[in-house]
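The block underneath contains the structure these notes are about, expressed in structure tokens.
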Amino acid sequence: MTPEEFYQALAKHHINLSAKQKEQFDLYFKLLVEWNDKINLTAITEEKEVYLKHFYDSIAPLLSGYIPNESLKLLDIGAGAGFPSLPMKIIYPQLDVTIIDSLNKRIKFLNLLADALELDKVHFYHGRAEVFGQDKNFRAHFDLVTARAVARLQVLSELTIPFLKVGGQLLALKASAADEELKTAQNALNLLFSQTTSSDNYQLPNGDGRNLTIITKKKETPNKYPRKAGMPNKKPL
């Protein structure tokens with residue numbers, strides 16, 4: 001997917017990028033490739049692949065109408081080089097984006113990237129989701145949480161749902177259908193007072209399969225969740 005094909009694909013969804021937004025995506029690509037040599041951010045570095053498998057893939061929830069261009073508080077867990085939240089932020093500047101990542105070198109890259117792209121209302125924190133999820137400044141604080149290929153839903157739900165306000169939603173972007181994951185995650189969702197709103201399979205323009213699963217928080221999360229760092233993965237709910 002060339003940059004021009006990327007713009008055209010967005011235009012079909014009535015998203016027409018300004019010259020500044022196009023420049024932001026171009027600079028994002030260039031900085032990603034430049035810094036990838038230093039800190040190994042991604043295995044995908046060819047321009048057409050980055051525009052398809054990072055940029056376009058990240059904005060699927062926008063194209064599907066699941067995220068409006070409003071000043072919602074969005075948390076991205078394990079965003080790596082900023083996916084999916086920063087491509088969303090470029091397109092919908094009103095979003096207030098927070099990223100938590102466990103590797104400090106990625107946080108340094110994100111700070112540099114945000115400055116270069118002139119993004120405001122973006123906040124980056126180094127640490128574990130299990131720790132921040134028990135911090136009153138983060139817990140039950142967000143309208144949306146996104147996670148792209150981070151963990152199985154059984155584990156991911158405990159890492160993310162405590163951050164949501166009641167009525168808030170987890171948007172889990174997956175590389176394949178989530179039917180089996182949802183079955184396995186059902187006990188965790190019950191314990192976390194959340195339920196599946198939708199799970200939709202779709203394709204990228206090149207035919208690659210993807211899945212977007214949305215989980216809605218129904219009641220306050222019990223205080224004991226998330227458990228200590230490492231426990232959600234070692235002993236899933």
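Cβ atoms are placed via backbone N, Cα and C, with glycine included.
These come from Swiss-Prot:
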type	residues	note
BINDING	Gly78, Phe83, Ala129, Glu130, Arg148	S-adenosyl-L-methionine binding site
REGION	218-237	region 'Disordered'
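Positions of Swiss-Prot features highlighted on the structure.
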residue: Gly78; record: S-adenosyl-L-methionine binding site; Cβ within 10 Å: 21
residue: Phe83; record: S-adenosyl-L-methionine binding site; Cβ within 10 Å: 25
residue: Ala129; record: S-adenosyl-L-methionine binding site; Cβ within 10 Å: 27
residue: Glu130; record: S-adenosyl-L-methionine binding site; Cβ within 10 Å: 19
residue: Arg148; record: S-adenosyl-L-methionine binding site; Cβ within 10 Å: 22
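Arg148 (S-adenosyl-L-methionine binding site) falls within a strand segment according to DSSP. In this entry, Gly78, Phe83, Ala129, Glu130, Arg148 make up the residues listed for S-adenosyl-L-methionine, with the farthest two CA atoms of the set 20 Å from each other.
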